[in-house]
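Enquirer: I have a structure here, written as structure tokens, and I will follow up with some questions on it.
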Amino acid sequence: MAEQQRPTGLGKAADYLDQRTSIGLAVKEFARKVFPDHWSFMLGEIALFSFVVLIASGFFLTMFFEPSMALVRYEGEHPASMHGQLMSAAFHSTVDMSFEVRGGLLMRQIHHWAALIFVASIVVHMFRVFFTGAFRKPREINWLVGAVMLVLALAAGFTGYSLPDDVLSGNGLRIIDGVVKSIPVIGSFTSFLVFGGEFPGEHIVPRLFTLHIFVIPGLLIALIALHLFLMVLQKHTQYPGGGRTDKNVVGYPAMPVYVAKMTGNFFIVAGVLALMGATMSINNVWNYGPYDPSPVSAGTQPDWYILFVDGALRLMPGPGWEWVIGGYTLSMNLLIPALIVPGILFTLLFGWPFLEAKVTGDHREHHVLDRPRNRPVRTAMGVALLVAFVVCALAATNDLIATHFSLDIFAITWVLRVLLFVGPVFAFWLTKRVCLGLQRKDRELVLHGHESGRIVRFANGEYVEVHTPLDEEERWLRVNYDSPAPLEITPLTDARGVRRKGYRSDRRWQKVSRFFYEDRVSPVTPAELEAAHSHGQHDTIEAKEPTGAGSVAGQRRRR
Amino acid sequence: MSENQNPPAGTSKDVTAAPEAGTAVGPADRFPDPGVPEHKKRLTDTDPHAAKRAERTVTILFVASILGTIGSIVAYVMVPPDGTTSGVRLSTLLLGLGLTVSLLGIGIAGIHWAKALMGDREFVQERHTLATQGEDRETAIKDLNEGLEDSGVVGRRGVLKGAFFGALALFPIAIAVPLIGSVGGDWNISQFKHTMWKRGMRLAIDPSGRPIKASDVTVGSVFHVVPETTEAYRETHDWITEKSKAVVLMVRLNPEDLRTDQSPEGETWSHEGIVAYSKICTHVGCPVALYEQQTHHLLCPCHQSTFDIADSAKVVFGPANRRLPQLPITVDDEGYLVAQDDFAEPIGPSFWERLK
């Protein structure tokens, strides 16, 4: 319709479509829709685009992969190490597609790297969302959708890792079997359910294949659609700055800037993954050989996102942690690291937006992001979690650390056991202090301005350093935030001495709230700035600054 | 001050109910918003030469992408993998590099185009409160109520409602029962407690399947052992599953180094310093494969559980809780090592019914 006055090819096509679909309405709504700009908003895009690469390269692989555990003999001459070996059809087809199919190995390697980057970008994206408070109302649901997608991404990674049926992935499955068996009451049955009988059986590869190429990606696609729909509906968050409020959105229009940038970003992500697939070999299954329950190679690690569970398994001391209760065996040495630790992690992850809203007493919509320093406890919690994750991941590489640095593996394990408890607490304390320090620095800057490095001597011999005040934009960034105070609760009894219900629960929440907000630095108010200025007034007037009254007011005596 | 975006907590409970409540703290407490910063022109906005240059760069990048695509096709035709590992690597490298240039060319060109040549003015658009407002909200509530009213079940017809929800909740069972019933095979979890080892079964070398004579086992040597079976059986799935439980690690120690083993009073489970222990870790079931001769320690490469072979394979470090079960062995008339019996306890990781 809009193109009627210029009957170009595009205009005609648009008109044809519009006559039949009223697509004009969608164009009107979305073509010039504004999206805020920041490099960190790209992280989620990277996850999305690596998922697209996964689908494309995965499609290629399904053309040649045979999801069967039927035993066959490898008759091919190359690689020589595999010649004449008995192996599953799954492993056979994996070697085949690497050696016989042109571009097969490239696609396998791109697929594996894309999977690693996919999970990594999801995790980094979630940290961005977490540290900037983008999960607050109205985005709690989208946070949950994202967290579910993280779980699905891990499941996708794991099911894919196990498909080639090589020694490495077979031992990975065996570890899963061991963990599953430790589940109280239903563990043994769950193991049978997973493997269709005893480990390894002959069903697990086709089952994982169905999950890997149908169920999990299907769910992921549906959730990605929901995730993006909610993002567009709620409009993207924006970083604080001049003119950016909770009631507007400042940025560039979807067409043409975002279309071009996103398309460009997709091709860059795909290009980098292609480069990785071309130059960095990964998972050379023919070096490991087909799965055999007896051999195992030392110094092998799972894909990075499983490292923390594997590390937790390694750190947990065994003796004394297997309890027999009424004749039934309860393996706490497995349950704690493999189920309880990830359980705590994901409970925190899923529950955080609701916990924070509760202790903040906050029901408002937030569209302007937090600077991480302005929420010291949240930021510190995030860093503490990260430290715990890193300690566990390091623990999963304790054998490599031992061999590369010639250290005693038992000593490393003990150090990491201690660090797992001390590290996060220290990181929490340190990060919180750093945040509060940065907030104080912000106050200091707003109140007193930047040091100019210019020393002025007065007639009476006194020296002062001239401070230049912040310009409006810079000041706005440092004063425009919320510093919530701990919750205030209604007293136990009202004016007539009548006790009320729910007081104890309120008091408990107040305690949690104090943990969050007891230490706080309030933003500078205009009144405070005024006071700070008048404080330095008598010096600066005498200094007779040539830069004008405005900046004179911003100076103060340097002691 | 109407754009005062972050009123302190407590002054405003609900942005939808009272959009202006944030201003309750009073203007004097807040600095005014300086507004969106002034737009700064780029070099390509002011200098036509720079714009031309950027245009040229973008064009060159697209051309590079086309060349990359052509390059990868050339690589496909000219450098087929010859079957050797290095041949496969070369083919992978060339195909991949062509693809990389082809993709990165488009990507970098797109970004550069957007950043240097497309409009870079920032726009401001209003956000709308997400909650439905005013008349829309009232209509929605009215419609919902009318719909419920028409259904005729609000507050009455309890039995009907019960039957409805009951039917809905139950029908998946008709699918789930056959699925779950079949998906676990025979559900015979007592299999976890037994392996294929039997009285008199010979110990054989993995993977060749050759039986082992006691006299061939020298002090300090390590054998990866499986039960002796037929060649044909070793090519079945059954074998892989049985082997997963039956693999054994056998070591010959100096008899004086062997402090204890697991044999009960009055029995001997070892033979002249030869001891055989389950190779399946009691932690999560990895094959325990690293044997250190000096210390007689057996280390699991997966999670570093460490067992002392000279001392009944008890746990000396790591996340395993239980010692490795011992396979009772002896020699037969021909001098071959044979099992006295199956393991006395279930091998491998713990499970709920392990001791039942």
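For all residues, glycine too, the Cβ spot is worked out from N, Cα and C.
Heads up, TrEMBL stuff is auto-annotated, nobody curated it.
According to TrEMBL:
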COMPBIAS  A:530-545  compositional bias 'Basic and acidic residues'
DOMAIN    A:13-240  domain 'Cytochrome b/b6 N-terminal region profile'
DOMAIN    A:241-437  domain 'Cytochrome b/b6 C-terminal region profile'
REGION    A:528-559  region 'Disordered'
TRANSMEM  A:41-65  transmembrane segment
TRANSMEM  A:110-131  transmembrane segment
TRANSMEM  A:143-163  transmembrane segment
TRANSMEM  A:209-233  transmembrane segment
TRANSMEM  A:265-286  transmembrane segment
TRANSMEM  A:334-355  transmembrane segment
TRANSMEM  A:376-397  transmembrane segment
TRANSMEM  A:409-431  transmembrane segment
Enquirer: Under 8 angstroms for C-beta pairs, at least 3 of them, ignoring pairs fewer than 6 apart in sequence. Is the transmembrane segment (A:376-397) in contact with the transmembrane segment (A:110-131) by that rule?
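Expert: Answer yes, regions in contact.
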Enquirer: Using Cβ atoms and a strict cutoff of less than 8 Å, what residues sit near the transmembrane segment (A:409-431) while being 6 or more residues removed from its termini?
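Expert: Beyond its ends, the transmembrane segment (A:409-431) has Cβ neighbours at 311, 314-315, 317, 376, 379-381, 383-388, 391-392, 394-395, 398-399, 401-402.
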Enquirer: Compare A:110-131, A:143-163, A:209-233, A:334-355 by their Cβ pairs under 8 Å to the transmembrane segment (A:265-286) and return the stretch that comes out on top.
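Expert: The stretch with the most contacts is A:110-131.
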Enquirer: Near the transmembrane segment (A:334-355), which same-chain residues lie under 8 Å Cβ to Cβ, leaving out any that are not at least 6 residues past its ends?
Expert: 126, 130, 135-136, 139-140, 143-144, 147, 150-151, 178-179, 182-184, 308-309, 312-313, 315-316, 321, 385, 392, 512
